[in-house]
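Residues annotated as ATP binding site in TrEMBL: A:K109, A:K149, A:E182, A:E183, A:L184, A:V185, A:E190, A:H212, A:N269, A:E270. The domain 'ATP-grasp' annotation in TrEMBL covers A:113-299.
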Number of protein chains: 2
Amino acid sequence: MMTVPVPGATVGVVGGGQLGRMLAEAASPLGVDVVALDPTPDCPAVPPATAQVTAAFDDAEGVRELAERADVLTYEIELADPDLLESVAADADVEVHPTPDTLRTIQDKLVQNRALEDAGVPVPDFTAVDDADDLEAAFDDLGSPLMVKARTGGYDGRGNAPVESVAEAREAFDGLDGLVAEELVDFERELSVIAVRGDGETATFPVAENVHEDEILRESVVPARTSEDVREHATAVARDVLGALDGRGVFGIELFERETDDGTEILVNEIAPRPHNSGHYTIEGCHTSQFEQFARAVCGLPLGATGLRGPAVMANILGDPDAEKRPADLAGAPDALAKPGVSLHWYGKREVRPLRKMGHVTAVGADRETLLDRARAARDATGFE
Amino acid sequence: MMTVPVPGATVGVVGGGQLGRMLAEAASPLGVDVVALDPTPDCPAVPPATAQVTAAFDDAEGVRELAERADVLTYEIELADPDLLESVAADADVEVHPTPDTLRTIQDKLVQNRALEDAGVPVPDFTAVDDADDLEAAFDDLGSPLMVKARTGGYDGRGNAPVESVAEAREAFDGLDGLVAEELVDFERELSVIAVRGDGETATFPVAENVHEDEILRESVVPARTSEDVREHATAVARDVLGALDGRGVFGIELFERETDDGTEILVNEIAPRPHNSGHYTIEGCHTSQFEQFARAVCGLPLGATGLRGPAVMANILGDPDAEKRPADLAGAPDALAKPGVSLHWYGKREVRPLRKMGHVTAVGADRETLLDRARAARDATGFE
């Protein structure tokens, strides 16, 4: 392993959104600098990140400059280009974590599902779809509606749609090639586990329960309101997922909890090769946040303690559906901060877009139901969605 | 009260050391920018602070530039100039918190002691000293040795010396004018309380027990290892101190716990009109850190919850006595971070000076004695003092 000097290391991160921003906030105490590559000038990560390379995620010159300024490369967005990262890192003699191979696996949902299946990790039944015949066969085998996903290019629920007919799929995906069809899981709960691989060690964070609306995460409740057995089961599945992926880093693993006649099943829904929205609660909720772990992991430092300090609820703050608000319209921030035990994280985005993630609040210091009420009330108080 | 817009506010802070750095780290999630004025280029606060005004603390042009870029002014060092801040802030139509009057009171230890005495706050017996006769009288009245302090210019224990004779005082202070002599308190423990005033509300953090060596803070143990009654008493005294000071902000209040025939006495030793080294434990130890409170308070936002999340021990990392090390010599950082529940805060100082504060570690997640062992072991592992 190449040595990353701490303090004094610079992490080069492809993507300068809120994940890069919270990485930089967490890296600063460790004496680790962050340089972010992002096409948007004044991206959310900078400051607190030291500097920005303003370039497209797949811009060779930009990624080369990033590598030259960094001791290790990583990414906070799946749209990073694994081939480019691999070649540039080799030239600059730095490592990329998680590995470009892992990024390739995760970028293609069909490859991802097959890799998980090969590793013995439970996933929803799935099949590749490249034309109408494939899709018809999928309806026959896996039922209707199906959850259809674009193999590549989707993230955070984008590029996914439940469909009941070939025509519907054709409209949703602008054609039928490069898709994967999955059984639509009738789940009890959506759970997630943030799993981490460091230098020769792994760790998992407590299991979160995720409340989605229209495929967008609204709240995470921790610990998940299910049985201890199910939480242990979910954690074991997350560890198995980690076993199927290479390289140091943080992985957000989304899971379905499904009741069957044979008991509770845990199925892997999605994997993100980076810190995940459903792990934001770790900043206030755990001894070490997912962002500090990210910095520790990619630098090859020992991982921190992942224990839960107490129940925590995170609620996302989203742009209004018509995007009529401006960032400065967060006039309700004081009201949000007045709720007991509530922290605000504002991402510094220059522009509101419909349902764009603008920030989040986390509530700690009480029981989960009280915290859920407080987090929602704080979010509502901001005036955003 | 003038409105400070959040998000989007800029706090202008005189001083860009570790306190400014940790302020900026805590302000970033709130969407609050920090601009720091500091004479040292590449001062520790920047980044994560947005920008630096490179100027002496009392440089009128520099402070004016700071005020023009800020929505509110504050300071993280007692050497800030209250008259300059006052006039510049008036010109720029921004407020200064804590108020320049409070800074004036705290800058002069004689004025400070008198203000506290007038407010009914217990302080060690003291007297003004301007010549040898005054000092002789002080020995007669207050005993020997005396704790002699320069009225102005001292901080963090600098400018203080225990003396047993006029000759000794003359040598320690380069003359005998502008001093205050205090009875040397035979204390049981040194305690401290971080107290906060926001917009119409106040808060106190849990009581820390401070271990000093040669007047330099080495460790803080929280909760202080004394009785619950004494901790409540100390908190009540801190609240009284807050009552004697104007303006929003964070105050570090150092206390002596002394046993007398009439029970336990709590005396105020020193006040810092800013976050304090003995409050660094709040970052991991409390729901809201002293630095987030600092940002909230000076911006007039609601204060956060100050409850203790569990025992915490902080240990300072100091430069070696001969300052032969370089900052990059922190090769033991990985060993420090490998201790369970240990966080590292490295201040990014470019130069090691003898016993200079270079960083600190905080340990959480166990009982106090275990945490004290771990924090010391982590500190020792860094290779620094």
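Every residue, even glycine, has its Cβ placed from backbone N, Cα and C.
Taking the features listed in TrEMBL, we show where each one sits on the structure.
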| residue | record | Cβ contacts under 8 Å, 6 or more apart |
| --- | --- | --- |
| A:K109 | ATP binding site | A:K149, A:A150, A:R151, A:T152, A:G154, A:V180 |
| A:E182 | ATP binding site | A:N113, A:V123, A:P124, A:D125, A:F126, A:L142, A:L146, A:M147, A:V148, A:K149 |
| A:L184 | ATP binding site | A:G143, A:P145, A:L146, A:M147, A:P162 |
| A:E190 | ATP binding site | A:E209, A:N210, A:V211, A:H212, A:E254, A:L255, A:F256, A:E257, A:N269 |
What does DSSP call A:K109 (ATP binding site) in the simple three-state scheme? helix
Which of the three DSSP states, helix, strand or coil, fits A:E182 (ATP binding site)? strand
Neighbour tally for A:N269 (ATP binding site), based on other Cβ positions within 10 Å of its Cβ: 19
